[in-house]
Amino acid sequence: MQSLIQYRRLKTRVSHTRSQYELTNQSSSSSSPPQKNLEDDGSILITPEFDPTDDSISPRTWSPFHRYRAFTIIWLLVFTQGWISTCDSNVTGPASETYHVSETAQTLATGLFFVGLALGALFAGPLSETFGRNPVYLFSTFGVLSFTLGSALSRNFGSELVTRFLGGLCASPTLSVYGGTLADLFSDEERKARWPLFALSPLLGPVLAPLVGGWIHDAGTDWRWTLWIGLAFGGAAFLLALVVLPETFSPILLFWKAKHLRKMTGNEAYVAPIEKGKALGKRLRTNLTRPATFFTTEAIVIFLGAYLVLIFVINFSFLSGLDFIFTMNYDLSPGITALAFVSIAVGVLIDVSVTPLYNRLANRVHRRQCRAFVKRKEVNTSTSDLESVASNTADHTAAVETLQDIPPELSLLRAAIAAPFLPTSLFWLGWTNYASINPASGYVATVFFGYALSAIFISSYQYIISSYETYSSSALASITMARYIVSAGMVVATRPMYKGIGVHWTMTILGTLALLLVPVPWMLLRYGHHVRAKSKFASSVE
């Protein structure tokens with residue numbers, strides 16, 4: 001609804017500015033089109049520079065109220081759909097009794113939701129870059145709610161699996177392209193402060209939902225209430241988005257403006273960049289193949305994607321074993337066991353709360369790099385000298401990036417600092433998991449786990465968004481696809497592993513894997529800019 005109002009307001013503005021333009025032309029006895037955007041083929045390219053006074057087509061120039069309103073609504077959509085993804089993960093016992101299947105088989109409900117997330121990610125980014133963010137959010141959210149309702153009303157195991165899979169397929173766009181919306185609304189400098197706050201939504205939603213599920217189990221309430229609660233939260237967020245969520249993808253806003261100009265002037269020469277040389281079908285085909293292109297040709301996405309896949313293997317293997325770690329060893333109820341999710345949430349909040357310290361550290365490291373660069377070039381640090389160095393250095397891109405902009409790699413400082421806490425928490429949890437040791441020790445360990453997971457997730461996604469900006473949705477979609485398809489398998493496979501080799505050795509294996517991954521952020525910090533320099537999509541290296 002809001003995007004329709006936005007569309008009509010843009011039409012009114014075009015009509016107003018067009019009338020002014022015609023009056024200007026009449027007074028100057030000229031009827032020629034604006035020359036500054038005239039292309040060789042005679043088309044008039046509609047860009048933000050075409051009418052600098054029109055801030056409606058540049059979301060980053062919107063008022064803080066409008067930008068933060070969109071930010072909040074997307075936050076709620078991501079949070080509620082993340083909640084729905086795991087809302088039934090802590091009630092596998094009563095659910096399996098309802099459908100007369102084993103608990104391992106019942107984990108397929110959550111696993112297939114993740115499979116749906118993985119497959120849907122292949123289409124999410126490309127569709128949002130073809131038709132805009134708003135219709136993708138609204139249609140996909142309506143689908144999630146519809147299939148979650150189907151899951152809540154399922155009367156057999158097969159229908160539950162089908163509806164959970166389709167629910168995940170529909171949730172994928174929202175959980176894949178929100179990074180692109182953040183890039184639409186905020187500059188790189190603004191995102192450094194706002195992205196950690198936004199990242200709370202995909203982290204806290206899946207973590208807090210099992211907590212409520214545990215309490216529902218302890219209260220003896222029908223386990224389906226986990227789905228009904230998720231449906232209520234998601235429905236409220238959907239209604240809010242339907243009424244007030246605007247379109248934020250600038251290329252689509254420029255397309256709307258060009259369309260209005262063509263209709264009002266009868267001049268078919270007005271075109272938006274997104275239309276230039278490509279029909280809708282061709283644009284769609286190009287965009288649909290982009291995630292696969294990213295995952296097979298973009299070294300940043302391949303390397304960081306593989307890293308995040310392994311991190312999420314550890315994450316979901318750990319989460320799937322919480323009932324073995326606490327319920328079976330300490331004979332705690334599912335509701336008390338679910339306090340581990342609160343501990344993880346505390347770790348996430350600690351990480352987000354120290355964001356200013358990370359930013360201060362990144363600025364300090366950047367200044368040190370600048371001084372080292374200037375010293376190597378034997379020049380003063382005045383502005384004119386810096387510009388001289390940047391313009392006369394063989395590697396012009398590296399010079400500009402080093403001296404003026406904080407490179408995306410420094411966002412990985414957060415992950416580099418926190419990475420050692422991940423294996424520490426896993427070894428701690430695994431080898432203090434004895435009935436003779438107070439379970440509080442395990443809850444403290446999960447705080448460190450949440451802190452490390454949050455830092456790695458936030459910094460990795462911030463790195464991708466800063467590197468690809470306009471194409472960040474496709475880049476994130478390719479990574480989302482890989483990590484969820486593997487996570488789906490781990491949700492199902494981990495329970496037999498805990499049963500077979502026990503908590504101690506399972507935690508040891510996961511801790512060892514996490515230990516091997518500790519150097520990865522440091523390697524990207526050191527060599528990431530060389531990798532980005534070879535990318536044809538990375539917007540930070542142009």
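Cβ from N, Cα, C; glycine included.
Per TrEMBL, these features apply:
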- 19-52: region 'Disordered' (REGION)
- 68-84: transmembrane segment (TRANSMEM)
- 70-529: domain 'Major facilitator superfamily (MFS) profile' (DOMAIN)
- 104-124: transmembrane segment (TRANSMEM)
- 136-153: transmembrane segment (TRANSMEM)
- 165-185: transmembrane segment (TRANSMEM)
- 197-216: transmembrane segment (TRANSMEM)
- 228-256: transmembrane segment (TRANSMEM)
- 292-316: transmembrane segment (TRANSMEM)
- 336-358: transmembrane segment (TRANSMEM)
- 412-431: transmembrane segment (TRANSMEM)
- 443-463: transmembrane segment (TRANSMEM)
- 475-493: transmembrane segment (TRANSMEM)
- 505-525: transmembrane segment (TRANSMEM)
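Residues 74, 77, 81, 84, 88, 109, 120, 124, 127-128, 159-160, 163-164, 166-167, 169-174, 177, 224, 227-228, 230-231, 234-235, 237-238, 241-242, 245 of the same chain sit 6 or more residues outside the transmembrane segment (136-153) yet have a Cβ under 8 Å from a Cβ within it. Long-range contacts of the transmembrane segment (104-124) within the same chain: residues 85-86, 88-89, 92, 95-96, 136, 140, 151, 157, 160-161, 164-173, 175-177, 288, 291-292, 320, 473, 477-478, 480-485, 487-489, 491-492, 495-496, each at least 6 residues beyond the stretch ends and with a Cβ under 8 Å from a Cβ of the stretch. Tertiary proximity for the transmembrane segment (165-185) is limited to same-chain residues at least six positions away from its ends with a CB under 8 Å from its CB atoms, namely 59-60, 62, 67, 70-71, 74, 77-78, 81-82, 84-85, 112-121, 123-125, 127-129, 133, 136-137, 140-144, 146-148, 150-151, 191, 194-195, 198, 201-202, 248-250, 461, 464-465, 469-470, 472-473, 476-477, 480. Proximity of the transmembrane segment (336-358) to the transmembrane segment (412-431) is established through 3 or more Cβ-Cβ distances under 8 Å for residue pairs spaced 6 or more apart. For the transmembrane segment (292-316), the list of distant contacts is 122, 422, 426, 453, 456-457, 460, 463-464, 467, 471, 474-475, 478-479, 481-484, 486-487, 490-491, 494, 510, 513-514, 517, 520, 524, 528, 531-532, 534-535, 537-538: same-chain residues at least six beyond its ends, Cβ to Cβ under 8 Å. Take the transmembrane segment (505-525) and the stretches 68-84, 197-216, 228-256, 412-431, 475-493: counting Cβ pairs under 8 Å, 412-431 has the most.
Only sequence-distant pairs (6 or more apart) were considered; of these, at least three Cβ pairs between the transmembrane segment (412-431) and the transmembrane segment (443-463) are under 8 A, so the stretches are in contact.
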